[in-house]
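Some features that TrEMBL has for this protein:
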- 36-53: transmembrane segment (TRANSMEM)
- 114-135: transmembrane segment (TRANSMEM)
- 155-174: transmembrane segment (TRANSMEM)
- 186-204: transmembrane segment (TRANSMEM)
- 210-233: transmembrane segment (TRANSMEM)
Amino acid sequence: MPYDSGCDPQKDARGKLPKSFTTPWSELAMTRTCTCIYHFLVLSWYIFLNYYISQKGGRDQQKSKIFLNGGQWKHLTFLNLLLQAIFYGVACMEDVLKRIKGEKDIKFMTAFRDLLFTTLTFPISTFVFLSFWILFLYDRELVYPKALDGIFPVWLNHAMHTSILPFTLAEVILRPHCYPQRKKGLTLLALASLAYISRVLWIYSETGTWVYPVFAKLSPVGLTAFFSLSYIFNASIYLLGEKLNHWKWGDTMQPRKKRK
């Protein structure tokens, strides 16, 4: 896979770049075109999902009840779908601008794309996939009661909770991403987690109902432990993404603020 990132590649002991970073221009152009098409198709898919859910939620009385007390944006699943649409929109824009202006003129866009993917898009989508299916297989009533089967089609459940992982892993394989300093990345992820937890607690304080049934089963101490373990789990996923990026692309990524 050709080099396609805003980070600085590391040379080997002989002062040469990895083979993946010295690909002929024709192959690089073809790869960029295919990547752009892929990003556009995934973006279209996420736009469709967000639109479909919002429209059905407004017309279907049963779904409207589910979205009471905070709307659909109280659920991490739907927030993740919006986040994915935003990321792939940024990725598509970066693809197009790169072809028009060149890499040097859109470094900010590339940096933003990488920061968004590494600190939020990959960790949150993977967290949603793993946490949902772990709880679902343990006791689905804790996260996705059986009554929802008659409201949300099976394909939509998998679109919201299953397909998100393959798309995210494909992005890891398609191109290298420049990870920020680990402290910065984990701090941004912590702030995002704290913001969502604050919203969950605020909704409960205002309505007396929990976003997910599993929260109602826990004591205050249990909730604190649950939220703490959730962040540790999310941080572990962040580190996994960093490892996957290293596994696929090697020691090629340097944090931007250390560039000279």
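Placement of Cβ uses the backbone N, Cα and C atoms for every residue, glycine included.
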Top partner of the transmembrane segment (210-233) among 36-53, 114-135, 155-174, 186-204 - counted as Cβ pairs under 8 Å: 186-204
Range from 36-53, 114-135, 186-204 with the greatest count of C-beta pairs under 8 A to the transmembrane segment (155-174): 114-135
Folded-back contacts onto the transmembrane segment (36-53), same chain, C-beta under 8 angstroms, at least six residues removed: 72, 78, 81-82, 84-85, 88-89, 91-92, 95-96, 99, 156, 159-160, 167, 170, 174
